[in-house]
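Residues annotated as domain 'BPL/LPL catalytic' in Swiss-Prot: 36-221. The substrate binding site feature in Swiss-Prot is assigned to Arg81, Gly82, Gly83, Asp84, Ile85, Thr86, Tyr87, His88, Ala154, Ile155, Gly156, Gly167, Phe168, Ala169. Residues annotated as site 'Lowers pKa of active site Cys' in Swiss-Prot, with sequence analysis given as evidence: Lys151. Annotation comment: Swiss-Prot describes Cys185 as active site, acyl-thioester intermediate, evidence class sequence analysis.
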Amino acid sequence: MESFRYHDLGRIAYADALEYQTAAFEVLLDAKATGKKEDNQLFFCEHLPVLTIGKSGKDSNLLIPEETLRERGVSFYHINRGGDITYHGPGQITGYPVFDLEYWNLGLKQYIHMLEETIIRFLSLYDLKGERLEGATGVWLDPEVPGRARKICAIGVKSSRFVTMHGFALNINTDLSYFSLINPCGFTDKGVTSLAMELGVPQDFELAKSQLRSIFMEIFA
């Protein structure tokens with residue numbers, strides 16, 4: 001029996017995806033409060049261009065006026081996850097695990113570590129060495145090499161009574177030029193990258209989703 005139900009929302013506006021995961025989050029919270037049984041849920045999607053900023057984020061990390069964003073067709077949301085500002089858009093796998101961590105006897109720190117491990121294992125399929133950066137979340141390449149550290153996957157979550165929402169954003173074929181609009185995750189001295197950038201050619205997006213889903217099933221068995 002699978003430990004979660006998987007949903008591929010396809011390419012979707014941020015607000016619409018937020019409705020899906022918020023509804024699942026509230027159902028799981030209610031189930032915990034009333035003793036009902038509800039399934040954990042994993043949502044994968046690909047967003048239309050959007051910037052989101054977490055509850056600890058600084059507006060100064062948005063480098064252009066919000067009006068200019070709108071003119072460029074980029075949405076902007078303040079949301080209740082951890083972390084600072086990041087970009088979501090086409091070519092990026094955005095994942096929203098709505099999980100009851102008590103199902104796996106996990107704390108929040110362990111959960112984030114397992115999310116990072118999921119991405120690290122995925123990258124190893126492409127002979128890339130994903131690593132953690134001390135004091136930061138997410139998955140990086142060359143995190144300790146001055147001038148070379150670059151993030152390939154951002155992570156920001158919310159947890160209430162050990163039920164999670166929000167999640168990760170993994171750059172596959174992402175247009176990285178959008179990251180020039182922000183200080184990604186609040187960093188001014190580190191870069192961003194994508195699977196396509198590292199390998200030199202666009203990657204099979206559907207294959208990447210399938211591979212990532214399989215690794216989720218292994219790690220969150």
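Just so it is clear, glycine is given a Cβ too, placed from its N, Cα and C backbone atoms.
Keep in mind that what you see is a predicted model, and the values were worked out from it rather than measured.
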Segment confidence, the domain 'BPL/LPL catalytic' (36-221), expressed as mean pLDDT: 94
Most Cβ neighbours inside 10 Å, all chains, among the binding-site residues Gly83, Gly156: Gly156
Cβ neighbour count within 10 Å of Ile85 (substrate binding site): 26
Other C-beta atoms that fall within 10 angstroms of the C-beta of Ala154 (substrate binding site): 26
Between Tyr87 (substrate binding site) and Lys151 (site 'Lowers pKa of active site Cys'), the C-alpha gap once rounded to whole angstrom: 12
Extent of the substrate binding site in Å [max Cα distance among Arg81, Gly82, Gly83, Asp84, Ile85, Thr86, Tyr87, His88, Ala154, Ile155, Gly156, Gly167, Phe168, Ala169]: 16
Site of maximum Cβ density within 10 Å, from recorded positions Arg81, Lys151: Lys151
Tyr87 (substrate binding site) CB neighbourhood, other CB atoms within 10 A: 25
Separation of alpha carbons, Gly83 (substrate binding site) and Lys151 (site 'Lowers pKa of active site Cys') (Å): 14
